[in-house]
Structures are given as structure tokens and as C-alpha cells.
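Inspection log for the structure reproduced underneath, given as C-alpha cells.
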């Protein structure tokens, strides 16, 4: 029985491998073109086919993206001098209003690119694109490989068309991981790190700084102010702990805010209006904390702004996580931190109310004991201490 199950398992694995290979090597092109090498790329349902010609250092490529919407653009690019998006030399397929697909070249010089038409750093004597009956978009090109090289970093993407031009692609995990290496001689293609290079690093830095400052330290500082000051033994230490937490949180938060502004200026094509506006509001609220000669009014203002900042901070951290789209464990980790803080706050809230009410009862008993249960001493001018 065990041998039969083992045999069935290997058959299943073999079928899976064959099925996967058929997506790449057994595809029939509409023009009956034949390619000696092909690889199925790790993300975005994409495949790369090619024929390398060592005699003249050229390569005929066919980049195929499956199941593309009629309103989406597709691109594949070599990055000759670096990795990731900036510096990529792209072949672009743009859908036309008549249902056809037009192909052109675009040299990517920045993160805010709209993939405008431009020449590449190497020659592309042949380029065209088509959509097959299955909805696959294929870009064909002949590339004159620069400097006699055959191994390169490459990237691929898909995004929406906006006003007849390529719009910003999504920033999901598949989009960020649409990068790798390809060697046109050996036929090897490896997965890379993530599209964006330094941009992605700055996004992550921005996210970590703001999650730690606005999203964790600010709530902790508020909890210190609300719960520790109830205990007489914690006076005035609670105040200094509260101020320290909030000052550090504000300083780190300003750094996170600054990285956000830089990201916005470097990525003009990507607009996250709600996330940006909440971030600006948080910075304004966190900065405007004037003192006032009427302490009671200042306390009301300070407390109200504090709770508003905490609520907006947590909401904006989750908004940022949706934009970054990291592995699910990071969102779960932050959610776990917030739930833990919420549980601790609920326990401390109940305990502090218990302490306050008990203290009031004790004070009331002391007053009643001093003046008499019926208030005789108070109303008759009797001095109970005499």
C-alpha cells in the first residue's frame, strides 16, 4: 500500500512539473515563431522566450504576460548598469482603442516615470506586440546586447492605462518582486530581491519609523499619563516618563514624516492622498501643543488632541501597511501589539477606577468621621478637633 501511495505521489509531482513546463515550452505562437529557450518567471504569470545569436551578439526575445486586461499595459526591461526600476531599458506594450497593441521602447530614468517613448542605451532593431486569443500579451524584440554581455538584471511589470498612457502600477508583493537575473547563454533565470531598490528600502524605513513612533510609542506615552499618575508613589515620575515617551515618539515620527515627503516627491505618479493627509494632520496635531495660563482648558485641549493623534496614528499605520503590502506576518504583528496595548489599557482602566473609587470612599469616611455621621459639628459650629 505504501509503495502505491509513493508511486501516485511521484506521478502527481511529475504531472505538475509537466503542466508547469507546458506553460512555457509548449506554447504555440501565432506567427509559428520558435524559441530554443524559455523560462517561467516567478511572479505575475509571465514567461520569457528567446534565441541567442552569438555570431552578432543579438537576442530575439518574446515576453509573454498571460491573462492581461484590455486596459492594461505590459513591460519587460533589462537593467544594464543596475537593478530594479531606475535605469531599466524597457520594451512596452500599450493597448490601443481599436483593440490592437502597440509596442515601443522607453528608458526609465526615475520612479515617477510614465514610460514615455524614448531610445534605449542599446539598439532594438525589431519590436512589436500582439494579443493572442487567450488574452496573453506578447512583446517581440531583437536586442543588440551591449558590451558583448549576456547576463543582466531584468524587470517586468503590468499596470493600468490612464488617459491613453501607462499609469502607475500597483505596489503589491508580486509587483515588488518582479525582478531577477537572466543569462541568455546558459538559459538560467533567477529571482531577485524586489523592484524599486532604494525606493523600497525608503518605503520600509518610512513604515518602520512611523509604526514605532506614532503607532506604538504615542499610545504607550498616553497610557503612562492616564494610569500611572493615579498612584501617589508614581508622582512625579509618571510625568517625566510620559514626556520622554512623547518626545522620542515625536522625534522619530518627524523623521518618518520627512521620509514620507521625500517618497512623495520621488514618486509623483503614485498618489496615496488619504495616507498623506492623515500624516500631515498628525504632524500638525503633534506640533501644536501650546501651554495656556488657564490650565483646565489646556488639559482638555491636550487630552483631546492626544486621543485624536492616537486614533489617527493607528489608522494610518494600517493604511500604510495596505500600501506597502508586506508579508502578512508584519500586519499581524502590529495588530498583536495594538491588541495587547488595548487589553493592558482595559485592565489598567478598571484597576485605576477601583483605586479612585476606593480612595474617595476612604476620604468620605474620614470626612464623616470628623464631622459626625449627621453633620452635627459642621452645622453647629462645633470644632471636632477642639
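Any Cβ shown, glycine's included, is placed from N, Cα and C.
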Transmembrane segment according to TrEMBL, located in which of 237-257, 363-383: 237-257
Per TrEMBL record, range annotated transmembrane segment [choices 188-206, 207-225]: 207-225
C-beta crowding around residue 302 (heme b binding site), within 10 angstroms: 16
Residues from the same chain, set at least six apart from the ends of the transmembrane segment (237-257), whose C-beta lies under 8 A from its own: 206, 209-210, 212-214, 217-218, 220-222, 224-225, 228-229, 231, 279, 282-283, 286
Distant-in-sequence Cβ neighbours of residue 206 (heme b binding site), under 8 Å, six or more positions away: 256, 259, 260, 263, 320
Greatest inter-residue Cα distance in Å for the heme b-binding set 206, 242, 275, 302: 27
Packing count at residue 275 (heme b binding site) (other Cβ atoms within 10 Å of its Cβ): 17
Other CB atoms, at most 10 A from the CB of residue 242 (heme b binding site): 19
